[in-house]
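Student: What follows is a structure written as structure tokens; I'll ask about it next.
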Amino acid sequence: MKPATGLWVWVSLLVAAGTVQPSDSQSVCAGTENKLSSLSDLEQQYRALRKYYENCEVVMGNLEITSIEHNRDLSFLRSVREVTGYVLVALNQFRYLPLENLRIIRGTKLYEDRYALAIFLNYRKDGNFGLQELGLKNLTEILNGGVYVDQNKFLCYADTIHWQDIVRNPWPSNLTLVSTNGSSGCGRCHKSCTGRCWGPTENHCQTLTRTVCAEQCDGRCYGPYVSDCCHRECAGGCSGPKDTDCFACMNFNDSGACVTQCPQTFVYNPTTFQLEHNFNAKYTYGAFCVKKCPHNFVVDSSSCVRACPSSKMEVEENGIKMCKPCTDICPKACDGIGTGSLMSAQTVDSSNIDKFINCTKINGNLIFLVTGIHGDPYNAIEAIDPEKLNVFRTVREITGFLNIQSWPPNMTDFSVFSNLVTIGGRVLYSGLSLLILKQQGITSLQFQSLKEISAGNIYITDNSNLCYYHTINWTTLFSTINQRIVIRDNRKAENCTAEGMVCNHLCSSDGCWGPGPDQCLSCRRFSRGRICIESCNLYDGEFREFENGSICVECDPQCEKMEDGLLTCHGPGPDNCTKCSHFKDGPNCVEKCPDGLQGANSFIFKYADPDRECHPCHPNCTQGCNGPTSHDCIYYPWTGHSTLPQHARTPLIAAGVIGGLFILVIVGLTFAVYVRRKSIKKKRALRRFLETELVEPLTPSGTAPNQAQLRILKETELKRVKVLGSGAFGTVYKGIWVPEGETVKIPVAIKILNETTGPKANVEFMDEALIMASMDHPHLVRLLGVCLSPTIQLVTQLMPHGCLLEYVHEHKDNIGSQLLLNWCVQIAKGMMYLEERRLVHRDLAARNVLVKSPNHVKITDFGLARLLEGDEKEYNADGGKMPIKWMALECIHYRKFTHQSDVWSYGVTIWELMTFGGKPYDGIPTREIPDLLEKGERLPQPPICTIDVYMVMVKCWMIDADSRPKFKELAAEFSRMARDPQRYLVIQGDDRMKLPSPNDSKFFQNLLDEEDLEDMMDAEEYLVPQAFNIPPPIYTSRARIDSNRSEIGHSPPPAYTPMSGNQFVYRDGGFAAEQGVSVPYRAPTSTIPEAPVAQGATAEIFDDSCCNGTLRKPVAPHVQEDSSTQRYSADPTVFAPERSPRGELDEEGYMTPMRDKPKQEYLNPVEENPFVSRRKNGDLQALDNPEYHNASNGPPKAEDEYVNEPLYLNTFANTLGKAEYLKNNILSMPEKAKKAFDNPDYWNHSLPPRSTLQHPDYLQEYSTKYFYKQNGRIRPIVAENPEYLSEFSLKPGTVLPPPPYRHRNTVV
């Protein structure tokens, strides 16, 4: 053992250590490599260890635990599950090693190049402290390396461990366990551990996952049978046979699935026969597949690396740092003369020229003076070796200036700068960026790549032998018009021409830098690279080319060289070859046919035919083939497949097929005889029953009769206005229903069956009518009637604001957290109602939820819904189109639909709401959705959702249907969240957001454009009968409600008498301060049962009536005719009872319930009626919406606008401003009721009744209206949503605590 000596490594690693999060949310931390070195301060040593590994699950490196005292808390190590390097435990004094969740040690690095697990010298020599137990009870895999356990004085049970089961390569040299471990005081393993354990109890038994497996298993297992083998990609054991059941992965973990390799960056497209970019690609980061590398890593091919290799350079593409191969030499920036590390240098000389090796960019200047070229004896600098000047051949840019005042006499040009492209001129030498002075040996410049001199002037003078300079058009190199050229006292042009020092004939008139075709500024005809040529090698030459303008480009290497005057290629790439050199795959020439290339969903194998063209192998060939049929598949012995030749296996296959068919015939005949005998027996029994005149039902189901009524409408009562959309069987119109003999107009939606449909469509259409007529719930669209015209027509309520998907998309900037959570509750309650009636919706989505008002949504489109019989648990669908992206996996694969598959669709619907109309799996083809779901991928977490809301969605998307929550649980969960909306949804500006006015909806405006709203009446207003006028009570303080009144059946709300002089009257969904104004009260006649919710979430929701608008003007009372009371009855088997007189006052001064009224179970919300209710006698005013009007005729005042401010439960309206008035409003709390308010989630007292009001012109039950003071304003409470617990059910004398949460749009 050689202890490391670099103590500084600790400090540097402490600074560099960080934790990143891979895609599967596992915490990853960096390991250490200090071996036995430790800090001198043991306290600091412990703190460093804790800082490294607290909350760490995967250690990317080595886990080293050394020099820890006996009294230290090491419980933070329980989070470690995987170590990629080695585990070292040495020189410690603690008793127990708490690595209880460590499952795998990969051993990518080994201690002493040999051991993956090293445990030694863990005791104190002068004391009784030391390691006694290894808490490695879940360690089942060491992929590489051995185990060393030695010199642990107090260690027990280590010699009982079956290390050969843990170590993948258990060679004897890899296992070192000597007898110096342990003492005589060690106990025995528990009797259930069969002699192998990590500790004394039954929880410390060793789990064997390899040596107990069946011989057919090629890896780990979870039982002794053949069916208990783990997937071959599993490491450390598993809980099932799938690749998602592994405890750890042998190679890579891809979102919970163990795979051989991560999804590659490029996949083979069998349609285009090319490798294409894979949008689902992931990068390997350790043993994980991640969508994005950590910020301090770069992408090299398909892996995350700390730095690019020497042959690649780091570039950034689309925000991703990547390693790209260098075309020639990798970019390298170096300091120039007078900058950075060469700040004190005056010239390039032999002492600093090596600093320019492999430099491509010079940040600064290059200066060549006599003291650098010929040496400086004064400073002991030798003359420069001319060969070393070739280091400048890699330079492509000089940001400053180039100053050459001295040059080796044996060099006649500056060809070492042949790759110089740009002289930046950011720093100038007396205004010059290029200076060449008094170089007598220079004959040509040879700056053949120079394209730009960005700034500064040119000065070339006193070079007596320099030619070619006069042929160059220097202005083409300049970037500004202010640059100047000073060229003089060089060799005369005529002398140069006389000696033949002229440009090559292939150069253009732009000139040249020197002799030869490679020194031209541009070519007269064609160019190949930098060299000008006469013509391209189209038909001859060693390398064949094609012409791309004036540039000759070499053909692809896969093109075969053609003879006899034929072109080898017609353009770039392997798809433009005249003939392929090797093989042809589709239009492309390839070196070999695809053999195991990764495709979109599988690996691609192809074979070559005699014409050297590639063709796909048979689908059964999973490892390659030699021909097109399944007989040509290639099999390998190690795969477990038969290696017999095909002709030898054919007789066996034929015999097996014949034997199988014979057995099938025998089984079929036996089954037919059994069915026939059973049928005969059943007929005989039935005949005996009929002969005895049995009057009892033969098959009583126990199911209650369906007593819903179906209204038959005449075609003359319906008027179509405009088309709203089309469905599977017909078209939906906006229409008007004018009941026969009446003058009211009711806006409806009319669904008409297409005339071309057949009998089956008629049956399914009427089945839909049956389902809709049987459903009666506030959050389900109601069927009004059926018209049996030649084309069947279904008439339903018209939802004025369209579907919820378009509504949230249109108003996404105005929708807050309260409204979103209220919608979630309402949809869950509607689906809970369907589940109680054994109805599977099958097409739940935001597009199939309609908006009656901003606070009220309803589920529609029962076109796919199916009722389950009493003994059915699932529905098996036949053909037809299905909304794949909203469906559970079992629905896609097996077309099995249950209530739990509706829960999956509910999760997707909630995701649509939280993304304000986002498209699920946008951009992913539908056919790829099943594979995506099986791999564990789900919709991402919406930006506004907290982890609490997103986890509810994730639970809805569990593969196991029984693991998904019930709608009853979902309603309770979202009810709880809706009590504190801003805790669960984070929306910018939520506090300042106003609810969108229904009148602003584009869908709503389109509905109102084409129809006069005179005599318009809402459908529910028309159907629900009216009660007698009841003068409303006027009060300002809290009224008393007996909590005993909210039993299974509820009585109508009692009336209350005024309790102060200041009177408030509720009109049209708002309150107005008036004196002595009476408002009619409508008694309910139909009971809509509310499905129960989970314990602790049984409270109703009561919203502020002014949430969506301001106070209303007073409206004159109105009563409809008595005939309307006969229009609808909740129970068609019972006649409407006689109306009883008004209730009487009890002994405490409260109004007693009216007799013979149908009992109500809860209060209906007061909702906006978007249509106008106006009578011809003028007794009602036209209302656009009762919750969106001001109390005054003028424009709304600033103080009347709705603002999102918290409402406090213990603040009340003090209209009199007197102390005694406030005193009357304070309630006292009984002792037994105090505990119920410690946590508002557990308020479980009874609730007040709620009446069914479907028209906003009438008074909401006044027993539920209380007033609170909010910043000096008085606002009423209206039962808008039955999801919030109100304080009504408190007994008299109860004092409410301060509000624990802040709510928007709702008063708790």
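Cβ from N, Cα, C; glycine included.
When I checked Swiss-Prot for this same protein, it listed these features:
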{"type": "BINDING", "residues": "724-732, Lys751, 797-799, 843-848", "note": "ATP binding site"}
{"type": "CARBOHYD", "residues": "Asn138", "note": "N-linked glycosylation site"}
{"type": "CARBOHYD", "residues": "Asn174", "note": "N-linked glycosylation site"}
{"type": "CARBOHYD", "residues": "Asn181", "note": "N-linked glycosylation site"}
{"type": "CARBOHYD", "residues": "Asn253", "note": "N-linked glycosylation site"}
{"type": "CARBOHYD", "residues": "Asn358", "note": "N-linked glycosylation site"}
{"type": "CARBOHYD", "residues": "Asn410", "note": "N-linked glycosylation site"}
{"type": "CARBOHYD", "residues": "Asn473", "note": "N-linked glycosylation site"}
{"type": "CARBOHYD", "residues": "Asn495", "note": "N-linked glycosylation site"}
{"type": "CARBOHYD", "residues": "Asn548", "note": "N-linked glycosylation site"}
{"type": "CARBOHYD", "residues": "Asn576", "note": "N-linked glycosylation site"}
{"type": "CARBOHYD", "residues": "Asn620", "note": "N-linked glycosylation site"}
{"type": "MOD_RES", "residues": "Tyr875", "note": "phosphotyrosine"}
{"type": "MOD_RES", "residues": "Tyr1035", "note": "phosphotyrosine"}
{"type": "MOD_RES", "residues": "Tyr1056", "note": "phosphotyrosine"}
{"type": "MOD_RES", "residues": "Tyr1150", "note": "phosphotyrosine"}
{"type": "MOD_RES", "residues": "Tyr1162", "note": "phosphotyrosine"}
{"type": "MOD_RES", "residues": "Tyr1188", "note": "phosphotyrosine"}
{"type": "MOD_RES", "residues": "Tyr1202", "note": "phosphotyrosine"}
{"type": "MOD_RES", "residues": "Tyr1242", "note": "phosphotyrosine"}
{"type": "MOD_RES", "residues": "Tyr1258", "note": "phosphotyrosine"}
{"type": "MOD_RES", "residues": "Tyr1284", "note": "phosphotyrosine"}
{"type": "REGION", "residues": "1117-1150", "note": "region 'Disordered'"}
{"type": "MOTIF", "residues": "676-684", "note": "motif 'Nuclear localization signal'"}
{"type": "MOTIF", "residues": "1032-1035", "note": "motif 'PPxY motif 1'"}
{"type": "TOPO_DOM", "residues": "26-651", "note": "topological domain 'Extracellular'"}
{"type": "TOPO_DOM", "residues": "676-1308", "note": "topological domain 'Cytoplasmic'"}
Student: Going by DSSP, is Ala845 (ATP binding site) sitting in a helix, a strand, or coil?
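Tutor: Assignment for Ala845 (ATP binding site) reads coil.
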Student: On a count of neighbouring CB atoms within 10 A, which of the recorded positions Asn253, Asn358, Asn495, Asn548, Asn848 is highest?
Tutor: Asn253
Student: Could you put numbers on the helix, strand and coil content of the motif 'Nuclear localization signal' (676-684), residue by residue per DSSP?
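Tutor: Tallying H, G and I as helix, E and B as strand, the rest coil: 9 helix, 0 strand, 0 coil.
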Student: Cα-Cα, whole number of Å: Ala845 (ATP binding site) versus Asn253 (N-linked glycosylation site)?
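Tutor: If we compare the Cα positions of Ala845 (ATP binding site) and Asn253 (N-linked glycosylation site), the gap is 33 Å.
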Student: Measuring Cα to Cα, how many Å separate Asn410 (N-linked glycosylation site) from Asn848 (ATP binding site)?
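Tutor: Pair distance, Cα basis, whole Å: 88 Å.
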Student: May I ask which residues of the same chain, at least 6 positions away in sequence, place their Cβ under 8 angstroms from the Cβ of Asn620 (N-linked glycosylation site)?
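Tutor: Counting only residues 6 or more apart in sequence, the Cβ neighbours of Asn620 (N-linked glycosylation site) under 8 Å are Ser630, Cys633.
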Student: Say we define neighbours as other CB atoms within 10 Å of the CB. Which of the glycosylation sites Asn138, Asn181, Asn410, Asn473, Asn576 has the fewest?
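Tutor: Fewest other Cβ atoms within 10 Å, among the glycosylation sites Asn138, Asn181, Asn410, Asn473, Asn576, is found for Asn410.
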Student: So among Asn138, Asn181, Asn358, Asn473, Asn495, all listed as glycosylation sites, which is physically nearest to Gly730 (ATP binding site)? Use the C-alpha atoms.
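Tutor: Of all the candidates listed, Asn138 is nearest in space.
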Student: Restricting the comparison to the glycosylation sites Asn253, Asn358, Asn495, Asn548, Asn576, which residue's C-alpha is spatially nearest the C-alpha of Leu724 (ATP binding site)?
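Tutor: Nearest listed residue in space: Asn253.
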Student: On the 0 to 100 scale, where does the mean pLDDT of the motif 'Nuclear localization signal' (676-684) fall?
Tutor: 88
Student: Which of the recorded positions Asn358, Asn495, Lys751 has its Cα nearest to the Cα of Asn576 (N-linked glycosylation site)?
Tutor: Asn358
Student: Within 10 Å of the Cβ of Ala845 (ATP binding site), how many other Cβ atoms are there?
Tutor: 21
Student: Looking at the binding-site residues Lys751, Met799, Asn848, whose Cα is closest in space to that of Asn548 (N-linked glycosylation site)?
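Tutor: With Cα distances computed to Asn548 (N-linked glycosylation site), the winner among Lys751, Met799, Asn848 is Asn848.
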Student: Highest Cβ count within 10 Å among the binding-site residues Leu724, Met799: which residue is it?
Tutor: Met799
Student: What Cα-Cα separation, expressed in whole Å, is found between Asn138 (N-linked glycosylation site) and Asn253 (N-linked glycosylation site)?
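Tutor: With the alpha carbons as reference points, the distance is 19 Å.
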Student: Find the one among the glycosylation sites Asn181, Asn253, Asn473 whose C-alpha lies closest to that of Asn495 (N-linked glycosylation site).
Tutor: Asn473
Student: So which one is it: of the binding-site residues Gly730, Lys751, which has the fewest other Cβ atoms within 10 Å?
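Tutor: Counting other Cβ atoms within 10 Å of each of the binding-site residues Gly730, Lys751, the minimum falls on Gly730.
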Student: Can you tell me which of the binding-site residues Lys751, Met799, Asn848 is spatially closest to Asn181 (N-linked glycosylation site)? Compare CA atoms only.
Tutor: Asn848
